[in-house]
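K.L.:
Quick one: structure below, then a few questions.
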C-alpha cells in the first residue's frame, strides 16, 4: 500500500490526515475518504509518505476522481503559504479556496475547450453580404479576420449563432478547438478614442509593460477620473495578445457588471471567466476549471478569485486596492490584496495595485521603494475638472431629516438644470433607531450589543449584524407610550424626504436592500445610461469605482460618524470614503460640486478632502502611526474568543496569556483580554487579546505559540480564532 497525506475540511491542527491507496496518487488529486462514519471530500497533499502511526489503523481512499485534472503544485504552494501566514488549518484553507462543485462528493465535468469559428476556403470565395445589411456584413468581416469565439461574434451581430448555423449548412464555416496563438484585443478599434491614452496613462502603462515576464509590484495612484482602468486595459492587452492569463480583482460584486461591459467592448474575443459569490454554483465551478485549464485567459472576480489556479499568469491587477472588502472577516481571514502580491512573486509577473486613495500600507511601501509608484495626476478627459468641495458646519443649523437648507437648494437647482445628484450616507434602513421619547427606551437586538434599525416599508426592526428581525412594536415595552420616534437618517427616510421635496424628480435608493437580486445592478446602470434617474440615494457601495457620466452633484449627509470610533484606521477610512464619493462628481465633461455636512469642520480629514490632497493626508497620518508603532510600522494579530458570557471568553484568553507569558519573544506586546467594541453578536459575547510587534517574524512565532495552547481547549462553549493583520479593532 502507498500512504498519502490528504487535506480534509476538518478543524484539526493542520487538517492533513493519512490514508492508504494501492497506487501512488498525484498531489492535487480530488478523492473521497472515510472520516468519522461518513464519506468526505479530500485532496491529496503528499504521496508515498512514511506513516507516523500504526498501519493497521490507516483507512483507505474510497474513490479517486481520475477524470479530473489535479490542482497544480503552485496552487498548493499558495494554499500552504496562506495556511502558515494566517495560522489556519491547511485542510480548511484548501476547502475555503475551492468552488462549491469541487467540495461535493460527486465528480465534476471538466469544461471542453472553446470553439473558434472562421470562414473556410469555400466561404471566402463567396460574395460578402451587401453593405446595406450592415450587421450581417459586420459578422462576415469578423469571420474573414480569423478564428473567433461565439461570444466575440455576438459582439458584431447578436444573431451570430443562427447565421453561423445557416452558413455552416452551406459548407462555408470551419470550427477548431485549438486556442488561438495570438489574441487580438484591439480588433479593428485601435483608433477608437476610448483606447487612446493620454501622456500620463501611456507612461504608466509602458512602465508596467517593461516589467512583463518578471515580478514587480506597482502602486498606480491616480485621482478619481484619471483613467486607471484604461491603464490596466492597455497593459492587459499586451499580456492577452501573448496568449497569457490576467487576474483582475475587484472589491465588490456590484462593480462587476460595469467592468464586464467595458471588457466586452475592449476584449470581445478573449475567453473570460467571472468569479463571485452571486454566481450560480455550477457556473462558478466551470469558470474556475476553465481558468485552471488555461482556457479562460482573463479572470475577473472578487477576493476569493485570488485562489483561482492559473497555469500561465502574466499580470495581476487589484483595483481599489485600499478597499476593506478584500479582507475576509471570518473563518480563513486572508487579505486578497496581499495574497495577490505573493502570487505575482510566485508566478514571476507584475502586480498592479490601483487606487485614488491607496491604503497607508501600500503608500508606505511605495515611498520606501518596495513598490514602484506610478501617478496619474490629471483626469482622463482633458475638459474634466476636479470637483469643488465645500465643507458645511451644520452644528447650529436646523436640518430637515438630515438636510441643510443649502443642500436642498443645491439639489433643486441641479434637478432644474438637468443634472444628476448623489445623496450619500452610510446607513441602510429608514432610521438608525426607534426611540421612546417618554422614558428614553431604545430597541436593542436581543442577540447583539447593537440597536435595531427601523425598516419602514417592511414594517420591521432589523439587526444589521446578525439579521434578527421583529415587527415594529405598537408601544414602548417599558412605559407603554405609543408615540415612538424614529431617530437618525437612513436611506429610506432620505428617499422619502426627497420625493416630498422634489415630487417630479426620479429618486432611486441604492443600498444592499435594494440591490439584493442578481440583475439589480445591471438594471440600475441601464436606467442611468438612459437618463431615467435624477437623484441617487446611496450608501458606501456607491462610493466605489462607479462612473456615472451625468453625475455632477454629491451631497454627503452624515460624514462624522466614523470619527467617533476607537479604531485607529477610522480617519483613513473616512478620508478614502469621502474622496471616493467626491470623485463621482464631475466625470466626463461636466464640472462637479460636493457638499459635505459635518459638525466637526475643523477636523484634519475634512481639510484634506477639501484640498483633494491625498499625499498630505497620508504623510500626516503615517507620522502619527510611526510615533506609536502602528501599522505599517508595526504588525498586529488579534486573538479572539466568544462564549455565552463575555467573562468566560476573557477568562479563557487570560488563562492562555498567563501560560504563554514566559515563552513569548520580548519584542511582542500583549493588550487585553478585553471585550470587543461590539461585545455581543448573534447570541455570543466576544473578547480579544491584541499582539503587537515591530518584528513580523517574532509576532508569527508568538502567534504559533498561542495557537498551540488554544488548540488544547476542550470547552465546547468557547470558540476561538486568530486574525493576522486585522482590519477591525
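Note that Cβ sites are derived from N, Cα and C of the backbone, with glycine treated the same way.
These numbers come from a predicted model, not from an experiment.
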K.L.:
Which range is it, out of 311-314, 315-318, 319-322, 323-326, that shows up in Swiss-Prot as motif 'DEAH box'?
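P.N.:
So the range that Swiss-Prot calls motif 'DEAH box' is 319-322.
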K.L.:
Among the binding-site residues 436, 445, which residue has the largest number of other Cβ atoms within 10 Å of its own Cβ?
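P.N.:
That would be 445, with the most Cβ atoms nearby.
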K.L.:
If one measures from the C-alpha of residue 228 (ATP binding site) to the C-alpha of residue 445 (Zn(2+) 2 binding site), what distance in angstrom results, rounded to a whole number?
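P.N.:
Rounded to a whole number, the Cα-Cα distance is 43 Å.
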K.L.:
Nearest by CA distance to residue 227 (ATP binding site): which of the binding-site residues is it, out of 436, 448, 466, 476, 479?
P.N.:
466
K.L.:
Can you check how the pLDDT averages out over the domain 'Helicase C-terminal' (471-623)?
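P.N.:
Averaged over the domain 'Helicase C-terminal' (471-623), per-residue pLDDT gives 82.
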K.L.:
List the same-chain residues at least 6 positions away in sequence whose Cβ sits under 8 Å from the Cβ of residue 222 (ATP binding site), in sequence order, or say none.
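P.N.:
Spatial neighbours, sequence-distant, of residue 222 (ATP binding site): 228, 231, 354, 356, 375, 376, 377.
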